[in-house]
Every structure is written in C-alpha cells, then in structure tokens.
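Engineer: The structure under discussion is supplied below as structure tokens; questions concerning it will follow.
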Amino acid sequence: MAVSWRSWLANEGVKHLCLLIWLSLNVLLFWKTFLLYNQGPEYYYIHQMLGLGLCLSRASASVLNLNCSLILLPMCRTVLAYLRGSQKVPSRRTRRLLDKSKTLHITCGVTICIFSGVHVAAHLVNALNFSVNYSEDFLELNAARYQNEDPRKLLFTTIPGLTGVCMVVVLFLMVTASTYAIRVSNYDIFWYTHNLFFVFYMLLLLHVSGGLLKYQTNVDTHPPGCISLNQTSSQNMSIPDYVSEHFHGSLPRGFSKLEDRYQKTLVKICLEEPKFQAHFPQTWIWISGPLCLYCAERLYRCIRSNKPVTIISVINHPSDVMELRMIKENFKARPGQYIILHCPSVSALENHPFTLTMCPTETKATFGVHFKVVGDWTERFRDLLLPPSSQDSEILPFIHSRNYPKLYIDGPFGSPFEESLNYEVSLCVAGGIGVTPFASILNTLLDDWKPYKLRRLYFIWVCRDIQSFQWFADLLCVLHNKFWQENRPDFVNIQLYLSQTDGIQKIIGEKYHTLNSRLFIGRPRWKLLFDEIAKCNRGKTVGVFCCGPSSISKTLHSLSNRNNSYGTKFEYNKESFS
C-alpha cells in the first residue's frame with residue numbers, strides 16, 4: 001500500500017517531530033550529566049570512590065527529573081480544554097497535537113519506569129562501593145560509618161535509601177495497575193493506585209534532601225589529585241625543583257629516566273585540604289511548576305464541581321444503554337467534549353468520564369450522556385437511578401417525588417471530536433457504544449449547522465445487532481429528514497452495518513423506513529469507502545474520526561496515510577475509552 005507523504009506528514013509529522021525533540025532532550029540531558037560526573041573536577045574524589053555507578057545514577061536522575069515534570073502536563077485537562085477552545089491556538093494542526101497528550105503521558109511513564117530501574121541498579125552499586133571503598137582520608141565523603149558496613153543499612157536507614165525503596169513500591173503498584181487487563185476488568189484498582197502519584201512526588205522531594213553525594217567546593221585551592229606538601233606556598237612546581245627540594249641524597253632508583261620524560265610536566269600542589277558539600281536539591285526546580293499547576297487545576301475543578309446537578313430524566317434504552325439528562329447552572333460545553341461523573345452513593349472516590357451526547361445551547365440548558373452498563377460502577381449507578389421494578393421500562397419521565405442520588409460533574413474537557421465540525425468534509429466511524437461522541441455532533445447539526453465549517457458528513461456505524469442502534473435511530477431519521485427538507489440530501493451520508501440479522505426486517509420495516517436503504521449486513525469495505533470519499537471530494541482535506549475497537553482504528557489509520565489519485569488528504573483522529 002503506497003503511502004501519501006502529504007497525508008503522512010499531516011497525521012504523523014508533528015507527532016514524530018515532537019517525539020524527536022523529546023528524545024533529544026533526554027539523550028542530551030543524560031549524556032551531559034554523565035560527562036559532568038565522570039570528568040568534572042569537583043566530582044573527582046566521589047568518582048574515585050563510586051566509579052561508574054555515580055555517573056549512571058546521576059544521569060538517570062536527570063532524565064527522571066525531566067519526565068516527572070512532563071508527565072503532569074497532559075493531566076491538566078482544564079488547561080488543555082482552554083487551549084483547544086482558545087483563539088490563541090488558531091492552527092488546527094496545533095490543536096490536533098493536544099490530542100496526543102495521553103500518548104505523552106504514557107511515554108513519560110514508561111521512561112520513568114526504565115530509568116528508575118537504571119537509577120536503582122546504579123545506587124545498589126553505589127551502596128556497595130560506599131562500604132568497600134570507605135575513605136580514611138576524606139571522611140566527609142563517606143555515606144557508610146565504617147569500612148565494609150552492610151550496604152543494606154544504607155538502603156533502609158538513610159532518607160534517600162528509605163524513600164527510594166518506598167518510591168519503587170509505589171511505582172510498581174501504579175504500573176501494574178495501569179495494564180490494560182486490570183483497567184478493563186477492575187477500573188477501581190487502576191483509579192485508586194494511580195492517585196498514589198501524590199505520595200510518589202512527596203517521597204521524591206524527600207528523596208533528594210538526604211545529601212549523601214557530595215562535591216568538592218575548593219577546586220581552585222585544592223586541584224583534584226594534587227600532592228599535599230608541608231611548608232610550601234607554590235601552586236605549581238616542576239619535577240626537578242620538587243626533587244631537588246625534597247631529595248638531598250641520591251635520587252631514587254630509576255628516577256633520572258622519569259625526570260627526562262616529565263621535564264615539562266607540572267605537579268599540582270595542594271594549598272589546603274579538600275572541602276565537600278552536599279548538593280542543593282534540584283528536583284523541586286523541575287517538578288514544582290507542573291506540580292503547582294496541576295494542584296491549582298485540581299483545586300479549581302474541585303470548586304467548580306462541588307454543586308450537584310439536577311437530574312431531569314433517566315432513559316433505559318435497549319442493549320443495557322442508559323441515558324441521563326441533567327441541568328446545571330452556568331454549565332457550557334462544546335460538541336465532542338466529555339465530562340466526569342462522580343456519584344458518592346456509588347463510590348466516594350471513584351470518577352468516570354462520559355462523552356456528552358447532548359450539549360446545552362442558548363435556548364435550552366439541558367445536557368446529557370449515554371453509557372453502557374458494563375462493570376461494577378455502572379451497574380451500581382443504574383440500580384440507584386432505576387428502581388428494580390422500573391428497569392424494564394423504556395422511559396422514566398422526571399418526577400418530583402423521585403429521589404435521585406446526588407450526582408456531581410467535572411468538566412467539560414476537550415476531545416479530538418471537537419474538530420469534526422471544523423472540517424469541510426468529515427468521516428465519522430463508530431463501533432458499538434463508541435457512537436456516543438458523535439451524538440452531540442449530530443444533535444448540534446440538528447439544531448443549527450450553518451455556523452460551522454462542516455458541509456458534508458459521512459457517518460459509519462458498525463453494530464453487532466439491531467438492538468444496539470435502536471436508541472440512536474430516531475436521531476438519525478430526524479437528521480436525515482431535516483436535510484432532505486432543506487434540499488441538502490448530500491450533507492449527511494449514513495451507513496449502518498450489522499453483523500447479526502435477527503429481527504431486522506420487522507424492526508426496520510415498521511419504525512425506521514428512512515434507514516432501510518442505509519442498512520448493510522456485514523462489515524464495511526474500508527478501502528472502497530475511502531476511494532469513494534476521495535473521488536467525491538477531490539483535492540480537499542477530510543477529517544477522519546474514529547471511536548471503536550482497535551482493529552477498526554488501525555485500519556482507518558493505515559488508509560488515512562494511503563496515497564490516492566484524487567489529491568484528497570485524510571487527517572486521522574481517534575478517541576479511546578481505555
């Protein structure tokens with residue numbers, strides 16, 4: 001499959017450029033720090049004691065400082081949402097780069113794990129060398145109290161050692177709970193362990209306050225490796241002068257040859273004993289800015305979300321899909337954004353993100369979400385919203401006497417689908433419940449499509465059975481009829497694909513005549529679909545938006561980079577629930 005460099009640069013170029021910059025920063029920081037501790041005169045004596053372990057531990061620490069600061073930035077969701085909607089970021093390419101924030105977070109996390117391993121291994125070697133190479137001449141340098149002290153004591157009786165062990169434990173818990181299997185099977189574990197990040201950062205700030213590694217402060221008056229002489233005031237002395245002053249008898253055997261060889265060599269003389277000082281901690285310089293920004297945002301989000309919403313109605317759709325309609329004072333959101341729901345009656349600490357399927361407008365303040373009942377949290381939430389006797393009913397209208405649980409929302413936050421209205425042509429592909437991000441887009445078009453750039457929308461929905469799309473079919477029919485009445489039949493191209501055929505004719509034939517010709521059995525032929533779109537939109541840029549299984553996502557991503565003979569460029573965007 002031939003690759004279109006134009007599409008590849010649009011989809012991958014900026015991402016790979018940022019990756020290259022990030023990689024260069026890590027390599028440069030590692031190498032510069034390694035050379036400093038390997039060749040720096042102020043680290044001469046500590047390097048003599050610890051060797052390569054010193055260089056590796058400090059170089060890896062510098063990389064950890066960088067990534068521990070960067071990993072917090074993608075988690076500042078309110079800041080990212082502001083930047084996405086701000087006129088200060090007019091470039092669509094720059095806004096699309098914000099969609100890679102999750103990738104940056106994961107990349108920095110993996111890097112932290114790798115270099116934490118290097119850092120720990122290097123310090124284990126350092127602990128051994130501190131014990132074995134105990135210095136009688138420079139007692140200030142020693143971390144051990146005596147020679148051949150058990151290195152394990154350094155790990156469990158010093159602040160850097162003890163905090164380091166605790167950080168390794170916390171990091172291990174966070175990493176193992178972040179695996180895909182645990183996130184899918186038990187999201188609670190992932191959520192609770194990931195909030196240990198605050199403990200990790202507090203330990204990190206304590207970790208660097210121990211001051212075990214020390215550098216020399218008087219390099220000018222005590223050059224590294226100098227010879228300490230009594231009753232001399234000369235800093236530099238040639239070997240013959242040194243010999244004539246200190247050897248009055250016959251020269252040591254073989255010294256004449258040594259004199260000839262080093263005739264011009266200068267021996268550095270110490271004017272005073274070396275002085276050592278612990279490093280001023282630099283980690284806080286790296287992480288204080290991002291950490292303060294993140295904490296300030298969390299405080300702002302806490303204040304913003306402290307007032308519960310008013311639940312207007314709860315709708316129980318087929319296929320275990322629930323719809324929740326709410327109102328909150330001064331709540332504003334853009335199509336494609338998502339919110340985080342928090343129900344204390346379900347879980348005191350747990351929150352879950354849900355894409356808005358209905359956004360508030362100037363004429364109506366109602367907004368809503370759809371969610372599929374899968375997992376412990378959604379099951380408990382459903383049971384609180386619907387009494388057991390009413391869970392089989394289709395619609396529960398708002399009843400004043402109904403005691404809904406208190407529900408808090410945080411957000412809204414940005415997502416890639418905000419850009420779907422900013423293309424002239426958009427291709428939206430959904431798989432199963434992945435259709436929810438597009439619901440708000442279609443509802444917005446139903447209200448008023450004229451303020452937006454979008455003039456043609458291809459909507460593809462792949463479902464397992466007919467019940468999966470029943471709750472969404474009414475909106476599709478209304479939207480289709482709207483554009484037909486406005487004499488714009490080509491504005492929305494709807495294609496629905498089902499893998500099971502049971503009961504299709506009965507349901508479709510009776511209720512959704514409009515969708516008869518747009519319903520297909522089997523899977524889409526993606527290559528033919530892309531060719532058709534490219535042919536109908538020659539020379540244009542098409543936004544491709546996908547929310548669904550990874551198999552569909554990978555196929556669309558590959559086809560978006562494929563070359564076509566019509567000069568059409570496909571820009572790929574993806575949303576993921578995991």
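Glycine residues also receive a Cβ, built from the backbone N, Cα and C atoms like all the rest.
I grabbed these lines from Swiss-Prot:
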type	residues	note
TOPO_DOM	1-16	topological domain 'Cytoplasmic'
TRANSMEM	17-37	transmembrane segment
TOPO_DOM	38-62	topological domain 'Extracellular'
DOMAIN	58-303	domain 'Ferric oxidoreductase'
TRANSMEM	63-83	transmembrane segment
TOPO_DOM	84-104	topological domain 'Cytoplasmic'
TRANSMEM	105-125	transmembrane segment
TOPO_DOM	126-154	topological domain 'Extracellular'
TRANSMEM	155-175	transmembrane segment
TOPO_DOM	176-188	topological domain 'Cytoplasmic'
TRANSMEM	189-209	transmembrane segment
TOPO_DOM	210-424	topological domain 'Extracellular'
REGION	248-575	region 'Mediates interaction with TLR4'
DOMAIN	304-419	domain 'FAD-binding FR-type'
TRANSMEM	425-445	transmembrane segment
TOPO_DOM	446-578	topological domain 'Cytoplasmic'
Engineer: Counting only residues 6 or more past its boundaries, what in the same chain has a CB within less than 8 Å of a CB in the topological domain 'Extracellular' (38-62)?
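Structural biologist: Hits for the topological domain 'Extracellular' (38-62): 29-32, 115-116, 118-119, 121-123, 125-126, 129-130, 133, 135, 138, 141, 213-217, 219, 223-225, 274, 276, 283.
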Engineer: When secondary structure is assigned with DSSP, how many helix, strand and coil residues does the topological domain 'Cytoplasmic' (84-104) contain?
Structural biologist: 15 helix, 0 strand, 6 coil
Engineer: Going by DSSP, how much of the domain 'FAD-binding FR-type' (304-419) is helix, how much is strand and how much is coil, in residues?
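Structural biologist: Tallied per class, the domain 'FAD-binding FR-type' (304-419) gives 18 helix, 41 strand, 57 coil.
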Engineer: Against which stretches of its own chain does the transmembrane segment (155-175) lie, if we need a Cβ under 8 Å and a gap of at least six residues from its ends?
Structural biologist: 109, 112-113, 116, 120, 123-124, 127, 143, 193-194, 196-197, 199-200, 203-204, 206-210, 212
Engineer: So what's near the topological domain 'Cytoplasmic' (1-16) in sequence-distant terms, Cβ-Cβ under 8 Å and 6+ beyond its ends?
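Structural biologist: Same-chain residues near the topological domain 'Cytoplasmic' (1-16) but 6 or more away: 93, 96-97, 100, 103, 541, 557-558, 560-564, 569-572.
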Engineer: Residues sitting near the topological domain 'Cytoplasmic' (84-104): Cβ under 8 Å, six or more positions beyond its termini, same chain?
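Structural biologist: For the topological domain 'Cytoplasmic' (84-104), the nonlocal Cβ contacts are 10, 14-15, 18, 22, 70-71, 73-74, 334, 414-416, 418-419, 422, 571, 573-574, 576.
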Engineer: Which residues of the same chain, at least 6 past either end of the topological domain 'Extracellular' (126-154), have a Cβ under 8 Å from a Cβ in it?
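Structural biologist: Non-local partners: 45-46, 48-51, 53-54, 57, 161, 212, 214, 274-276.
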Engineer: Would you mind splitting the topological domain 'Extracellular' (126-154) into helix, strand and coil residue counts from DSSP?
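Structural biologist: Counts, helix then strand then coil: 14 helix, 0 strand, 15 coil.
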Engineer: Six or more residues out from either end of the topological domain 'Cytoplasmic' (176-188), which same-chain residues have a Cβ under 8 Å from its Cβ atoms?
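Structural biologist: Counting only partners 6 or more residues beyond its ends, the topological domain 'Cytoplasmic' (176-188) has Cβ contacts under 8 Å with 109, 194, 347, 350, 352, 375-377, 578.
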